[in-house]
Structures are given as C-alpha cells and as structure tokens.
Amino acid sequence: MISRDSIVALSSGRLPAGVAVIRISGPQTRFVVETIAGGIVKDRAAVLRKFRAPDGAVLDSGLIVFFPGPASFTGEDVAEFHVHGGRAVVTRMLETITGFDGVRHAEPGEFTRRAFLNGKVDLVETEALADLVNAETEAQRRFAVQNAEGVQSQLYLSWRRRLIHARAMIEAEIDFADEDDVPGSVSDTVWSDVRAMIDEIDRHVAGFRAGEIIRDGFEVVILGAPNAGKSSLFNALARRDAAIVTDEPGTTRDLLEVVLDLQGLRVRLTDTAGLREAAGKVEAIGIEKARAKADRADLLLLLQDVTEPQAVSSIPSAIPALQVGTKRDLLDGQTAASADRRYDHVISVVDGTGVEGLLAEIGRRATHAAGSAGDILPSRLRHVELLGEANRHLHRAVDERAIGQELRAEELRLAADRLGRIVGAIDVEDMLDVIFAQFCIGK
Ligand SMILES: Nc1nc2c(ncn2[C@@H]2O[C@H](COP(=O)(O)OP(=O)(O)OP(=O)(O)O)[C@@H](O)[C@H]2O)c(=O)[nH]1
Ligand SMILES: [Mg+2]
C-alpha cells in the first residue's frame, strides 16, 4: 500500500530529555531529509548534520538516519532525526517538518498501522509491539518479545494450515468418491486430527488467565475485620505509607491499590474496608466494594488480629486464600508459637516478623498462576473470542455427520477463516481502529 501522506511524530519519551527522536514515514521523507539535513545521506547510517529550516535558519544539529523503503519499519521511506530533547527544539522541528506539503502529524499507532498494511508485521505481532512498549515488568517484557517475534502467530497459522489441508483432503474425497483408488479411511484420519486440534485450542484458550496475569497483574486482595491490621500490612508490602492507619476500627473506607513487582511479575495489591455488619453509610459502601473486589481476586489474604480473633462472614470460597494472623509482637513466646500453628502466616509489622515470608509466598503463587516462562498464551480477549468461534465450527464439523461431507468441509473453512482473522491474514478492516487505538503516538 502506498500512502500519499507522510506522517511525523516524536517517537521518544517525555521531554525534556537528553535526546529526542523524531520519526517520519512516507513518500516525502527523502525530500524532507535532503532539505533539512542539507543533502542526501547514506542509507541506514547515523550521520551527524546541522538541521535547517527551508529558509536556512538553524534548528539544531544531531544525527539523521535514513531507511529507504521497503526495508524499513513501515515498509515506506522512513527517517529519524535525533535532536536535543528540549521542548522548543522538538516543537520547532515538528512545525518545520509538518510545514512541508503532504506531511502531517501521525495518529496514535499510525506507523505500526502502516507496517501492518505493508505486510511487515501481522496483527498479533502488532498487539505484542503495543505490549512491549507498555511492558513494566520482566515477565511482561518476555511475553511481549516472544509474541512480537511471531511465536503466537506461528501457532495460529500452523492450525490454519492444518485446517486448509484437512479441507482439501475432504474435498478430494468428495470429488473422487466413486473412484476406487481413494481409500475411505482418509477422512477418518482427517477428522481425528481435527478432533485433536479442538483439544489443543481448548488448552491454549485455558491459558488466557495466565496471559492476563502477566499483562495486567495478579490480583491480591486483603480482607479482614476492622482493625485487623490490613492497612498496616498493605503499607509494609508497598514499602510506603500509602494507606492511613489508626487504632479506630473503620479507618479504611475505599479500595486502595498499589502495584508491586514480585519476581518480575506485576502484582496488584488492594487494601479494603474492614468487614463488619454494623457500619455507617460510607463504610457500608466500602464493604460492598471490598466484597465485589474479592470476587475477582486471584488470591485473598484473610487477616485476623491474633490477640482478639474475629470471624468475618461471606468470604468468596472459590478463591485461593491465605490465613494470616497479625500483631504477633503482642503475644508472648508460647502463645505466639501456638498461633503459628493456626495460620498459614503469622506476621508483625512492628518487628517485621513474617512479612518477607508472606511476600515470597505471594510471589510464588503469582509465578505459578502465570504459567511457565515461554508458554504460548492468548494475549487478547479478541484472540480468545475468535478461537472460540473457530472451535464452534470445528465441533460442528466433527460432530454433525448428518449434514454431509460438503457442509462439514465448509465448517472447516469457516474455522480456518477465524484463525486467519486473529493474525489479520484476511478481512480485518473492521478491527483495525480498535487495535491501533491502543498505541501511543509515534509508534
Ligand atoms: N502491635 C502491633 N500493632 C499493629 C500491627 N498491625 C497493625 N497494628 C495496629 O492495629 C491498629 C489497626 O491497624 P490498621 O492497619 O489501621 O487496621 P485495618 O485492618 O486497616 O483497620 P480498618 O481500616 O479500620 O479496617 C493500628 O493501631 C495499628 O497500629 C502489628 O503488627 N503489631
Ligand atoms: Mg485500614
């Protein structure tokens, strides 16, 4: 696809910075570079130049790198101006470049969109690039890099190839049905392979939560009676005074969240209002929110003050939970030892007992829930939905023998089509705006 417009944007981060990278892509790129950098520059080499406006005024000096299409990120002519990262420098550079005919500011994700339209990356790789740009933890980075390199796409494409092959075999059998030399057992082999693929797809889809944990974080919710020491633990794990702590029951009313990086994984920890029946209006709303949050958690920390244990009701039972005794420092040696046997962890934020151990256990649970490094997992709900549709067609193909081989083959085509839509091999115009809206400008 040849674009008529050229697009330009600041591709590097927040200003001021040591260096800012301004990227341009499109047919006017070569002319813009020659004008601003004062003549042609060597392909794909960083060249030091003085940058000037068309009227000759010096803008800055810096490096220019020119990537002639199609061997560039977008597939078009692309150039990068590396300038001093001051706000005025960047503003003036952008004003100058957009002053050329046919050059305008890029929209979010527009460089990547052009790369996709020119066949440089497929849709899943595109989504992985967005994840890579947003990655904050090591696990997010590893997952995104693997998918940006096409590991996930390869899986979908290999299923798609198997289905195209299966359909060809079935159609061949239909065409040569009256001839003797085509063994009837071909279709048996094909259908059993399709059945196996249904299981493979199901197993892959089952990993979606693990992928979400890597991308969005493992949800840990602290619950317990008022004054159990929830906010104190929350602050200890966050290593700062994020929540107010007082000896008054009912201090915390709203949900409070911090994000931790545990063993390279993103963990979202939420402090909640103490659960009790008699509560004022605001607190009652807080308690409602706490329960709703707990229903969606991956792990609950159920806190109880070991000096005056209070039971709390209606804790969601389906969610894994750790029983945590608090304020261990207030017990003498013997009662403390007996408390240690009654809880999974007994902690004190005063002397620090048990806090590291609890943190390590949360990290282990998160790591376990995120699966093994290198697992191929669906990384978007979009993938899971299309995989689900593919599997519905495959089920119809293998289970509904009564509809005949021709319609069963058609179901295989529809399933292959859904897999094609995931990577963007076919008919995805309607999805592009949604996908590219996830990007920042300049990517
Ligand atoms: N000695 C001791 N006191 C603690 C410990 N943890 C919390 N406390 C005290 O217990 C009281 C309640 O602590 P918070 O952390 O506010 O309890 P909470 O569960 O958040 O209470 P609400 O927000 O009201 O539900 C405060 O006075 C804390 O200083 C501990 O490990 N040892
Ligand atoms: Mg609190």
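Cβ atoms here come from the backbone N, Cα and C positions, even for glycine.
Among Glu76, Glu80, Glu171, Glu400, only Glu80 appears in TrEMBL as part of the (6S)-5-formyl-5,6,7,8-tetrahydrofolate site alongside Arg23, Lys120, Lys443. Under 6 Å, Cβ to nearest atom of ligand 1: this is the test, and of the binding-site residues Lys120, Lys230, Ser231, Thr252 it is passed by Lys230, Ser231, Thr252. For the binding-site residues listed here (Arg23, Lys120, Lys230, Lys443), the lowest count of other CB atoms within 10 A around the CB belongs to Lys120. Taking a C-beta cut-off of under 8 angstroms and a sequence separation of 6 or more, Pro249 (GTP binding site) has the following same-chain neighbours: Ala225, Pro226, Asn227, Gly274, Arg276. Checking each of the binding-site residues Arg23, Lys120, Lys443 against Ala273 (GTP binding site) by C-alpha distance, the shortest gap belongs to Lys443. Within the group of binding-site residues (Asn227, Ser231, Thr246, Thr252, Ala273), the Cβ with the highest number of other Cβ atoms inside 10 Å belongs to Ala273. Of the candidate binding-site residues, Arg23, Glu80, Lys120, the one lying closest to Thr246 (GTP binding site) when CA atoms are compared is Arg23. The number of other CB atoms found within 10 A of the CB of Glu80 ((6S)-5-formyl-5,6,7,8-tetrahydrofolate binding site), across every protein chain shown, is 21.
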